[in-house]
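As recorded in Swiss-Prot:
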type: BINDING; residues: Asn10, Glu384; note: Mg(2+) binding site
type: BINDING; residues: Lys17, His206, Leu207, Gly208, Asn209, Gly210, Asp281, Cys282, Arg283, Gly329, Ile330, Gly331, Glu332, Asn333; note: ATP binding site
type: BINDING; residues: Arg89; note: substrate binding site
type: ACT_SITE; residues: Asp146; note: active site, proton donor/acceptor
type: SITE; residues: His178; note: site 'Transition state stabilizer'
type: SITE; residues: Arg239; note: site 'Transition state stabilizer'
Amino acid sequence: MSQKLILVLNCGSSSLKGAVLDNGSGEVLLSCLAEKLNLPDAYITFKVNGEKHKVDLSAHPDHTGAVEALMEELKAHGLDSRIGAIGHRVVSGGELYSESILVDDEVIAGIEKCIPLAPLHNPAHLLGLRAAQSIFKDLPNVVVFDTSFHQTMPEVAYKYAVPQELYEKYGLRRYGAHGTSYRFVADETARFLGKDKKDLRMVIAHLGNGASITAVANGESRDTSMGLTPLEGLVMGTRSGDIDPSVFGFLAENANMTIAQITEMLNKKSGLLGISGLSNDCRTIEEEAAKGHKGAKLALDMFIYRLAKYIGSMAVAAGGLDALVFTGGIGENSDIIRERVIGYLGFLGLNIDQEANLKARFGNAGVITTADSKAVAVVIPTNEELMIAHDTARLSGL
């Protein structure tokens, strides 16, 4: 094991997820999840050596309290002195950051400037960052942005067809998300296939409760489905994905809904949950669809159809298709969705290998198309925490 470990933090508005990683081996020595932050019943759960235990945070139920509890846990296991640097996931770096960066006052001001682009996430990231700076004194902090990988998109891909002063004044454009995952998976795909990533035209689908898809050529993002916010694009667990923007005026007029209510509905009550009326969990949707539930069947059909349509358009953005890559919780585990999506893609020369598709689950990478396919479809597990740890170690000089 390398001497210095990396602490990776991912702060949400009411949660904090943390992991201590050995950057060399990728081994996770300790992980934690703080929930219900800023509520009286806040708590943090630690997992070490497969054992879990819960710590009450009611005396100090905020992000600082969670980081303090994490420090105590690290001390209890003799890990505190081995932490060399802290890496933070940050949702939006806007157009300011095209790569990960070592934190200073200027970077904190930059993250603050991007708050309008991620009003729920960036303030929470800043709380976690400040807590880490005050509790882990003298340790370098690095921020890794979800948006930075997509800063290579050409103007035709990131601009919206609206008056350009809206872009100039307010930064209204496509930013995308899941960039850290795409960067990791693009590297891993090239390694797995024994190719240089610059020679591969990839379409990568990151499918989880939040889902997006990206065209990668020459190792760079060329286009992506998420937009100004993560609401655009694919059908997701609770998000609608693409929808006619006139829905705001229509529902305001006919359903007497406010902008806030419509935004909440499109983000939290739509997608698989809204269509099925059952659940946002893809596993539940698959099970119920198999039993004949009409709503679940329609939700699954729409998810698969939208994804297949987007794969076609992203192949255009990539300039062709050498590798279709599935990642994320659904992408890595749902052989049903992968098989049905590839069923739409015969015109791209892709044919499913059913046995290989069944094997490529539960953390197993694998090619899932037949040898005579014109391109490969491959399953590659993502590891955003490890990517953040790599960046943090590199920028901290560890």
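Using N, Cα and C of the backbone, Cβ positions are placed for all residues, glycine too.
Here the C-alpha separation of Glu384 (Mg(2+) binding site) and Arg239 (site 'Transition state stabilizer') works out to 22 Å. Nearest to Arg283 (ATP binding site) in space, judged by Cα atoms and limited to the recorded positions Asn10, Arg89, His178, Arg239, is Arg239. Calculated from their C-alpha atoms, the gap between His178 (site 'Transition state stabilizer') and Asn10 (Mg(2+) binding site) amounts to 13 Å. Under the three-state DSSP scheme, Asp281 (ATP binding site) falls in the coil class. The Cβ neighbour count for Arg239 (site 'Transition state stabilizer'), using a 10 Å radius and every protein chain shown, is 27.
Between the CA atoms of Glu332 (ATP binding site) and Arg239 (site 'Transition state stabilizer') there is a gap of 20 Å. Taking the recorded positions Lys17, Arg89, His178 in turn, the residue surrounded by the fewest other Cβ atoms inside 10 Å of its Cβ turns out to be Lys17. According to its DSSP assignment, His178 (site 'Transition state stabilizer') is coil. The secondary structure of Asn209 (ATP binding site), as reduced to three states from DSSP, is coil rather than helix or strand. Least crowded of the binding-site residues (Asn10, Asn209), judged by neighbouring Cβ atoms within 10 Å of its own Cβ: Asn209.
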